[in-house]
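As written in Swiss-Prot, here are the features:
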{"type": "SIGNAL", "residues": "1-30", "note": "signal peptide"}
{"type": "ACT_SITE", "residues": "CYS245", "note": "active site"}
{"type": "ACT_SITE", "residues": "HIS341", "note": "active site"}
{"type": "ACT_SITE", "residues": "ASN362", "note": "active site"}
Amino acid sequence: MKKKLSYMITIMLAFTLSLALGLFFNSAHADSLPQKNGANQKTTKVTVSNKDVPDAVRKLAEEQYLSRVALLDKASNHKATSYTLGEPFKIYKFNKESDGNYYYPVLNKKGDVVYVVTISPNPSNSKASKQQNNYSINVSPFLSKILNQYKNQKITILTNTKGYFALTEDGKVTLVLKTPRNNEKTYENATESTKPKDLNDFKQTASVTKPTLEYQSTRNEMYAEYVNQLKNFRIRETQGYNSWCAGYTMSALLNATYNTNRYNAESVMRYLHPNLRGHDFQFTGLTSNEMLRFGRSQGRNTQYLNRMTSYNEVDQLTTNNQGIAVLGKRVESSDGIHAGHAMAVAGNAKVNNGQKVILIWNPWDNGLMTQDAHSNIIPVSNGDHYEWYASIYGY
(Lines of atoms letter the chains of each structure in order from A and count residues from 1; the text may use other names and numbers.)
(Lines give C-alpha, C1' and ligand atoms only; values in the text may rest on other atoms or scores of the structure.)
Protein backbone atom coordinates (compact mmCIF):
# COMPACT_ATOMS: atom_id res chain seq x y z
CA MET A 1 0.00 0.00 0.00
CA LYS A 2 2.83 2.37 0.91
CA LYS A 3 4.61 1.54 -2.36
CA LYS A 4 1.45 2.35 -4.36
CA LEU A 5 0.98 5.65 -2.48
CA SER A 6 4.63 6.61 -3.04
CA TYR A 7 4.34 5.74 -6.72
CA MET A 8 1.19 7.90 -7.11
CA ILE A 9 2.85 10.86 -5.38
CA THR A 10 5.88 10.56 -7.67
CA ILE A 11 3.65 10.54 -10.76
CA MET A 12 1.76 13.64 -9.54
CA LEU A 13 4.97 15.54 -8.82
CA ALA A 14 6.37 14.69 -12.25
CA PHE A 15 3.16 15.85 -13.93
CA THR A 16 3.14 19.13 -11.99
CA LEU A 17 6.78 19.80 -12.83
CA SER A 18 6.28 19.14 -16.55
CA LEU A 19 3.23 21.43 -16.59
CA ALA A 20 5.17 24.25 -14.92
CA LEU A 21 8.08 23.88 -17.31
CA GLY A 22 5.73 23.92 -20.28
CA LEU A 23 4.10 27.15 -19.13
CA PHE A 24 7.51 28.72 -18.54
CA PHE A 25 8.84 27.92 -22.01
CA ASN A 26 5.61 28.97 -23.72
CA SER A 27 5.83 32.31 -21.97
CA ALA A 28 9.54 32.75 -22.63
CA HIS A 29 9.16 32.13 -26.36
CA ALA A 30 5.83 33.88 -26.93
CA ASP A 31 7.49 36.71 -28.84
CA SER A 32 9.01 34.31 -31.34
CA LEU A 33 5.76 32.56 -32.25
CA PRO A 34 4.50 33.27 -35.77
CA GLN A 35 1.65 35.75 -36.02
CA LYS A 36 -1.69 34.49 -37.29
CA ASN A 37 -2.52 37.90 -38.73
CA GLY A 38 -1.28 38.09 -42.32
CA ALA A 39 -0.21 41.72 -41.92
CA ASN A 40 2.21 40.69 -39.21
CA GLN A 41 3.86 37.74 -40.93
CA LYS A 42 6.54 39.96 -42.47
CA THR A 43 7.85 42.34 -39.87
CA THR A 44 10.79 44.69 -40.01
CA LYS A 45 12.86 44.04 -36.90
CA VAL A 46 14.98 47.04 -35.91
CA THR A 47 17.84 46.52 -33.47
CA VAL A 48 17.69 48.50 -30.21
CA SER A 49 19.94 48.51 -27.16
CA ASN A 50 16.89 48.56 -24.87
CA LYS A 51 13.18 49.14 -25.12
CA ASP A 52 12.85 51.51 -22.17
CA VAL A 53 10.59 54.38 -23.20
CA PRO A 54 9.71 57.16 -20.71
CA ASP A 55 6.04 57.42 -19.75
CA ALA A 56 5.95 61.01 -21.03
CA VAL A 57 7.06 59.81 -24.48
CA ARG A 58 4.45 57.05 -24.60
CA LYS A 59 1.73 59.46 -23.50
CA LEU A 60 2.68 62.08 -26.08
CA ALA A 61 2.72 59.51 -28.88
CA GLU A 62 -0.57 57.96 -27.83
CA GLU A 63 -2.42 61.26 -27.38
CA GLN A 64 -1.22 63.20 -30.41
CA TYR A 65 -0.19 60.88 -33.21
CA LEU A 66 -3.65 60.11 -34.60
CA SER A 67 -4.89 63.70 -34.87
CA ARG A 68 -1.70 64.77 -36.64
CA VAL A 69 -1.86 61.80 -39.00
CA ALA A 70 -5.48 62.63 -39.84
CA LEU A 71 -4.42 66.18 -40.62
CA LEU A 72 -1.59 65.06 -42.91
CA ASP A 73 -3.97 62.66 -44.66
CA LYS A 74 -6.42 65.46 -45.32
CA ALA A 75 -3.71 67.89 -46.44
CA SER A 76 -2.33 65.27 -48.85
CA ASN A 77 -5.76 64.11 -50.05
CA HIS A 78 -5.17 60.61 -48.70
CA LYS A 79 -8.20 58.44 -48.07
CA ALA A 80 -8.97 58.24 -44.36
CA THR A 81 -8.25 54.85 -42.82
CA SER A 82 -7.55 53.31 -39.44
CA TYR A 83 -4.05 53.47 -38.02
CA THR A 84 -2.01 52.10 -35.18
CA LEU A 85 1.49 52.56 -33.84
CA GLY A 86 4.20 49.97 -34.29
CA GLU A 87 6.83 49.26 -31.67
CA PRO A 88 9.12 52.21 -30.86
CA PHE A 89 12.66 52.09 -32.15
CA LYS A 90 15.87 54.10 -31.99
CA ILE A 91 18.47 55.34 -34.44
CA TYR A 92 22.16 55.08 -33.64
CA LYS A 93 25.37 56.84 -34.52
CA PHE A 94 28.27 54.71 -35.70
CA ASN A 95 29.76 54.77 -32.19
CA LYS A 96 26.63 52.88 -31.02
CA GLU A 97 25.20 55.87 -29.13
CA SER A 98 21.52 56.66 -29.67
CA ASP A 99 20.69 59.95 -31.38
CA GLY A 100 18.52 60.67 -28.32
CA ASN A 101 15.13 60.41 -30.00
CA TYR A 102 12.27 57.91 -29.96
CA TYR A 103 10.60 56.82 -33.18
CA TYR A 104 7.17 55.22 -33.64
CA PRO A 105 6.07 53.90 -37.04
CA VAL A 106 2.44 54.60 -37.97
CA LEU A 107 0.88 51.58 -39.69
CA ASN A 108 -2.18 51.35 -41.90
CA LYS A 109 -4.55 48.37 -42.03
CA LYS A 110 -2.23 46.51 -44.42
CA GLY A 111 0.67 46.76 -41.99
CA ASP A 112 2.59 49.26 -44.14
CA VAL A 113 4.46 52.14 -42.54
CA VAL A 114 2.87 55.39 -43.74
CA TYR A 115 4.32 57.92 -41.31
CA VAL A 116 6.93 58.04 -38.56
CA VAL A 117 6.41 59.83 -35.25
CA THR A 118 9.61 61.45 -33.99
CA ILE A 119 9.66 62.39 -30.31
CA SER A 120 12.74 64.30 -29.23
CA PRO A 121 13.85 65.95 -25.97
CA ASN A 122 13.43 69.71 -26.07
CA PRO A 123 16.66 71.71 -25.83
CA SER A 124 17.16 72.98 -22.29
CA ASN A 125 17.22 76.61 -23.42
CA SER A 126 14.06 76.44 -25.53
CA LYS A 127 10.75 78.08 -24.71
CA ALA A 128 9.04 74.68 -24.65
CA SER A 129 11.55 73.31 -22.16
CA LYS A 130 11.09 76.29 -19.86
CA GLN A 131 7.35 75.58 -19.92
CA GLN A 132 8.22 72.07 -18.66
CA ASN A 133 7.30 70.41 -21.94
CA ASN A 134 10.16 67.95 -21.96
CA TYR A 135 9.48 66.47 -25.40
CA SER A 136 8.33 67.66 -28.80
CA ILE A 137 6.54 65.61 -31.44
CA ASN A 138 6.86 65.61 -35.21
CA VAL A 139 4.93 63.43 -37.65
CA SER A 140 6.08 63.03 -41.26
CA PRO A 141 6.76 60.29 -43.86
CA PHE A 142 10.41 60.22 -42.66
CA LEU A 143 11.97 56.75 -43.23
CA SER A 144 8.58 55.14 -43.94
CA LYS A 145 9.57 53.81 -47.37
CA ILE A 146 12.83 52.46 -45.97
CA LEU A 147 11.11 50.49 -43.21
CA ASN A 148 8.72 48.96 -45.73
CA GLN A 149 11.62 47.90 -47.96
CA TYR A 150 13.11 45.79 -45.18
CA LYS A 151 10.05 43.76 -44.21
CA ASN A 152 10.84 40.32 -42.83
CA GLN A 153 14.41 41.43 -42.09
CA LYS A 154 16.40 42.47 -39.05
CA ILE A 155 18.22 45.77 -39.46
CA THR A 156 20.01 48.40 -37.41
CA ILE A 157 19.39 52.01 -38.46
CA LEU A 158 22.52 54.16 -38.25
CA THR A 159 23.17 57.83 -38.98
CA ASN A 160 26.05 60.24 -39.54
CA THR A 161 26.60 63.44 -41.51
CA LYS A 162 26.16 61.57 -44.80
CA GLY A 163 22.66 60.34 -44.03
CA TYR A 164 20.87 57.22 -42.77
CA PHE A 165 22.07 53.65 -43.22
CA ALA A 166 20.58 50.18 -42.86
CA LEU A 167 22.90 47.55 -41.39
CA THR A 168 21.62 44.06 -42.20
CA GLU A 169 22.48 40.78 -40.47
CA ASP A 170 25.07 39.91 -43.11
CA GLY A 171 27.08 42.99 -42.07
CA LYS A 172 26.25 45.00 -45.20
CA VAL A 173 25.79 48.75 -44.69
CA THR A 174 23.55 50.53 -47.22
CA LEU A 175 22.96 54.28 -47.48
CA VAL A 176 19.17 54.50 -47.61
CA LEU A 177 18.58 58.24 -47.16
CA LYS A 178 21.04 61.00 -47.99
CA THR A 179 21.30 64.05 -45.76
CA PRO A 180 21.94 67.36 -47.55
CA ARG A 181 25.09 69.15 -46.50
CA ASN A 182 25.74 72.87 -46.41
CA ASN A 183 29.28 72.99 -47.69
CA GLU A 184 31.82 70.64 -49.20
CA LYS A 185 34.61 71.59 -46.81
CA THR A 186 32.65 70.56 -43.74
CA TYR A 187 31.65 67.32 -45.42
CA GLU A 188 35.21 66.39 -46.36
CA ASN A 189 36.38 67.03 -42.80
CA ALA A 190 33.66 64.91 -41.22
CA THR A 191 35.25 62.35 -38.92
CA GLU A 192 32.46 59.80 -38.76
CA SER A 193 33.19 56.54 -40.49
CA THR A 194 30.69 54.51 -42.44
CA LYS A 195 32.30 51.36 -41.04
CA PRO A 196 30.29 50.45 -37.94
CA LYS A 197 31.93 49.19 -34.79
CA ASP A 198 30.93 45.82 -33.39
CA LEU A 199 27.18 45.91 -32.82
CA ASN A 200 26.77 42.40 -31.47
CA ASP A 201 25.90 43.72 -28.01
CA PHE A 202 22.58 45.04 -29.34
CA LYS A 203 20.52 42.11 -28.10
CA GLN A 204 16.94 43.34 -28.49
CA THR A 205 14.84 44.16 -31.50
CA ALA A 206 11.68 46.15 -32.12
CA SER A 207 9.17 44.67 -34.57
CA VAL A 208 8.31 48.04 -36.05
CA THR A 209 5.76 46.75 -38.57
CA LYS A 210 3.91 44.81 -35.88
CA PRO A 211 0.93 46.82 -34.57
CA THR A 212 0.82 47.75 -30.90
CA LEU A 213 -2.73 46.76 -30.03
CA GLU A 214 -3.15 49.25 -27.19
CA TYR A 215 -2.75 52.11 -29.70
CA GLN A 216 -4.88 50.59 -32.44
CA SER A 217 -7.95 52.42 -33.73
CA THR A 218 -10.81 50.58 -35.39
CA ARG A 219 -11.46 53.64 -37.55
CA ASN A 220 -9.97 57.05 -38.13
CA GLU A 221 -11.27 58.37 -34.82
CA MET A 222 -9.55 61.74 -35.04
CA TYR A 223 -10.14 64.37 -37.64
CA ALA A 224 -9.05 67.88 -38.54
CA GLU A 225 -11.61 70.51 -37.56
CA TYR A 226 -10.19 73.06 -39.95
CA VAL A 227 -7.55 72.89 -42.67
CA ASN A 228 -6.37 75.90 -44.65
CA GLN A 229 -3.52 75.37 -47.07
CA LEU A 230 -2.09 76.84 -50.23
CA LYS A 231 -4.43 75.31 -52.78
CA ASN A 232 -1.80 74.28 -55.31
CA PHE A 233 1.08 73.37 -53.00
CA ARG A 234 2.95 70.33 -54.32
CA ILE A 235 6.25 68.67 -53.47
CA ARG A 236 8.03 68.35 -56.80
CA GLU A 237 11.64 67.98 -55.62
CA THR A 238 13.61 67.41 -52.43
CA GLN A 239 16.97 68.77 -51.37
CA GLY A 240 20.01 66.74 -52.34
CA TYR A 241 23.74 67.28 -51.81
CA ASN A 242 23.66 71.06 -51.94
CA SER A 243 22.96 74.18 -49.89
CA TRP A 244 19.89 75.29 -51.80
CA CYS A 245 17.22 75.03 -49.09
CA ALA A 246 16.11 78.62 -49.80
CA GLY A 247 15.87 77.80 -53.51
CA TYR A 248 13.69 74.77 -52.82
CA THR A 249 11.53 76.78 -50.43
CA MET A 250 10.89 79.70 -52.78
CA SER A 251 10.31 77.41 -55.77
CA ALA A 252 7.65 75.42 -53.91
CA LEU A 253 5.89 78.58 -52.72
CA LEU A 254 5.91 80.35 -56.10
CA ASN A 255 4.79 77.21 -57.94
CA ALA A 256 1.88 77.02 -55.51
CA THR A 257 0.77 80.65 -55.58
CA TYR A 258 1.20 80.99 -59.36
CA ASN A 259 -0.20 77.47 -59.94
CA THR A 260 2.69 76.49 -62.16
CA ASN A 261 5.62 74.10 -62.25
CA ARG A 262 8.19 76.36 -63.89
CA TYR A 263 10.25 77.04 -60.76
CA ASN A 264 12.93 74.71 -59.41
CA ALA A 265 15.72 75.15 -56.88
CA GLU A 266 18.63 75.00 -59.31
CA SER A 267 17.20 77.63 -61.65
CA VAL A 268 16.52 79.95 -58.70
CA MET A 269 20.08 79.58 -57.44
CA ARG A 270 21.44 80.07 -60.98
CA TYR A 271 19.42 83.27 -61.34
CA LEU A 272 20.84 84.71 -58.11
CA HIS A 273 24.42 83.41 -58.45
CA PRO A 274 25.05 83.32 -62.23
CA ASN A 275 28.84 83.51 -61.98
CA LEU A 276 29.41 80.56 -59.65
CA ARG A 277 30.49 77.18 -61.01
CA GLY A 278 31.15 73.67 -59.74
CA HIS A 279 31.38 73.16 -55.99
CA ASP A 280 31.13 76.89 -55.33
CA PHE A 281 27.71 76.89 -56.95
CA GLN A 282 26.57 73.58 -55.48
CA PHE A 283 27.30 74.61 -51.92
CA THR A 284 26.27 78.24 -51.94
CA GLY A 285 23.36 79.48 -49.85
CA LEU A 286 21.20 82.59 -49.89
CA THR A 287 20.84 85.56 -47.57
CA SER A 288 17.47 86.93 -46.51
CA ASN A 289 18.06 89.98 -48.75
CA GLU A 290 18.61 87.69 -51.73
CA MET A 291 15.40 85.84 -50.91
CA LEU A 292 13.51 89.14 -50.73
CA ARG A 293 15.04 90.30 -54.01
CA PHE A 294 14.13 87.11 -55.85
CA GLY A 295 10.52 87.24 -54.67
CA ARG A 296 10.18 90.82 -55.86
CA SER A 297 11.82 89.98 -59.19
CA GLN A 298 8.99 87.49 -59.72
CA GLY A 299 6.26 90.06 -59.16
CA ARG A 300 5.69 89.40 -55.46
CA ASN A 301 5.75 92.04 -52.72
CA THR A 302 7.86 89.98 -50.33
CA GLN A 303 8.39 91.35 -46.82
CA TYR A 304 10.74 90.45 -43.96
CA LEU A 305 9.39 89.76 -40.47
CA ASN A 306 11.88 89.46 -37.62
CA ARG A 307 9.96 86.67 -35.86
CA MET A 308 7.78 83.63 -36.39
CA THR A 309 4.45 84.36 -38.03
CA SER A 310 1.49 83.79 -35.71
CA TYR A 311 -1.25 81.27 -36.38
CA ASN A 312 -3.69 84.04 -37.35
CA GLU A 313 -1.13 85.62 -39.67
CA VAL A 314 -0.50 82.27 -41.35
CA ASP A 315 -4.23 81.76 -41.69
CA GLN A 316 -4.75 85.16 -43.34
CA LEU A 317 -1.73 84.98 -45.64
CA THR A 318 -2.60 81.44 -46.74
CA THR A 319 -6.20 82.46 -47.42
CA ASN A 320 -4.86 85.33 -49.54
CA ASN A 321 -2.63 82.88 -51.49
CA GLN A 322 0.61 84.33 -50.12
CA GLY A 323 3.47 81.97 -49.31
CA ILE A 324 5.66 82.18 -46.21
CA ALA A 325 9.31 81.12 -45.92
CA VAL A 326 10.57 80.00 -42.52
CA LEU A 327 14.09 81.12 -41.58
CA GLY A 328 15.50 78.80 -38.94
CA LYS A 329 18.73 78.39 -37.01
CA ARG A 330 19.69 75.12 -35.38
CA VAL A 331 19.37 75.10 -31.60
CA GLU A 332 21.83 72.28 -30.93
CA SER A 333 24.78 73.98 -32.61
CA SER A 334 25.44 77.13 -34.60
CA ASP A 335 28.43 75.53 -36.33
CA GLY A 336 28.83 73.04 -39.12
CA ILE A 337 26.28 71.63 -41.50
CA HIS A 338 22.60 72.57 -41.23
CA ALA A 339 23.32 75.54 -38.93
CA GLY A 340 20.79 77.63 -40.86
CA HIS A 341 17.82 76.32 -42.80
CA ALA A 342 14.83 77.55 -44.82
CA MET A 343 11.46 75.80 -44.94
CA ALA A 344 8.06 76.54 -46.50
CA VAL A 345 4.71 77.07 -44.80
CA ALA A 346 2.03 75.10 -46.63
CA GLY A 347 -0.90 76.16 -44.42
CA ASN A 348 -2.48 75.87 -41.00
CA ALA A 349 -5.08 73.77 -39.24
CA LYS A 350 -6.95 72.95 -36.06
CA VAL A 351 -7.18 69.34 -34.95
CA ASN A 352 -10.10 68.00 -32.97
CA ASN A 353 -8.49 68.52 -29.58
CA GLY A 354 -8.47 72.24 -30.33
CA GLN A 355 -4.75 72.39 -30.97
CA LYS A 356 -3.56 74.90 -33.55
CA VAL A 357 -0.85 73.66 -35.88
CA ILE A 358 1.09 75.01 -38.84
CA LEU A 359 1.83 72.79 -41.83
CA ILE A 360 5.49 73.02 -42.83
CA TRP A 361 7.47 71.51 -45.65
CA ASN A 362 11.13 70.80 -44.91
CA PRO A 363 12.99 70.53 -48.27
CA TRP A 364 14.70 67.38 -46.95
CA ASP A 365 11.35 65.53 -46.75
CA ASN A 366 8.90 64.08 -49.23
CA GLY A 367 5.90 65.08 -47.10
CA LEU A 368 4.54 67.79 -44.82
CA MET A 369 5.01 67.93 -41.05
CA THR A 370 2.92 69.39 -38.25
CA GLN A 371 4.25 72.22 -36.08
CA ASP A 372 2.71 73.45 -32.82
CA ALA A 373 1.53 76.99 -33.62
CA HIS A 374 2.48 78.21 -30.14
CA SER A 375 6.12 77.15 -30.40
CA ASN A 376 8.90 78.68 -32.49
CA ILE A 377 11.08 75.60 -32.00
CA ILE A 378 10.65 73.20 -34.92
CA PRO A 379 11.67 69.56 -34.36
CA VAL A 380 12.65 68.15 -37.74
CA SER A 381 12.61 64.53 -38.81
CA ASN A 382 16.17 63.71 -37.76
CA GLY A 383 15.62 64.99 -34.21
CA ASP A 384 17.35 68.34 -34.56
CA HIS A 385 15.54 71.52 -33.53
CA TYR A 386 15.38 74.81 -35.40
CA GLU A 387 14.41 78.15 -33.92
CA TRP A 388 12.01 79.93 -36.24
CA TYR A 389 13.61 83.35 -35.79
CA ALA A 390 12.33 85.20 -38.88
CA SER A 391 9.92 84.93 -41.81
CA ILE A 392 9.68 86.20 -45.36
CA TYR A 393 6.09 86.37 -46.57
CA GLY A 394 4.32 87.37 -49.76
CA TYR A 395 5.60 84.74 -52.21
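Indices start at 1 and increase along the chain as displayed.
Any Cβ shown, glycine's included, is placed from N, Cα and C.
Annotated features, which come from Swiss-Prot, shown on the structure.
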residue	record	DSSP (3 states)
CYS245	active site	helix
HIS341	active site	strand
ASN362	active site	coil
> Which ones in the same chain are close to HIS341 (active site), with CB under 8 Å and 6+ residues apart in sequence?
Replying inline: CYS245, GLY328, LYS329, ARG330, ASN362, TYR386
> When you measure from the Cβ of ASN362 (active site), how many other Cβ atoms are you left with inside 10 Å?
Replying inline: 28
